[in-house]
């Protein structure tokens with residue numbers, strides 16, 4: 001679920017997903033099109049593609065199971081769809097953490113959609 005995604009971002013990247021990634025670049029936030037603008041925006045592009053491959057559940061609403069083991073997030077549960085959503089969220093949170101040094105709020109926050117025209121395939 002989006003609430004769990006926010007929680008994973010806080011745990012892994014130590015930032016608020018809502019305040020840092022909900023309207024960033026061409027892909028962070030609702031929807032997405034165009035070229036990813038920087039490594040953080042690419043994290044969101046890959047996350048969108050990951051959600052697009054998930055079938056059988058609603059990635060934004062369904063609750064998944066995970067645990068923390070030795071500082072790592074471990075996705076669990078019996079539902080393969082929900083587990084896949086967890087893996088998508090975990091990968092994005094790690095990507096955000098690993099690209100914090102190139103995050104550019106001033107340049108890409110509320111980035112104009114007119115600059116996000118030429119889409120790329122997943």
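The chain as shown is numbered from 1 upward.
Here the Cβ of each residue, glycine as well, is placed from N, Cα and C on the backbone.
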Quiz prompt | Site-mate of 27, 29, 31 for Ca(2+) in Swiss-Prot, selected among 38, 48 | solution = 48
Quiz item: Relative to the Cα of residue 86 (disulfide bond), which of the recorded positions 29, 44, 50, 95, 122 has the closest Cα?
Solution: 50
Quiz item: Can you check what DSSP calls residue 47 (active site), collapsed to helix, strand or coil?
Solution: helix
Quiz item: Among the disulfide-bonded residues listed here, 49, 50, 81, 122, whose Cβ has the fewest other Cβ atoms inside 10 Å?
Solution: 122
Practice problem: Might you list, by sequence position, any residue in that chain lying six or more from residue 26 (disulfide bond) with a Cβ less than 8 Å away from its Cβ? | Solution: 32, 33, 34, 35, 36, 37, 41, 45, 111, 113, 115, 116
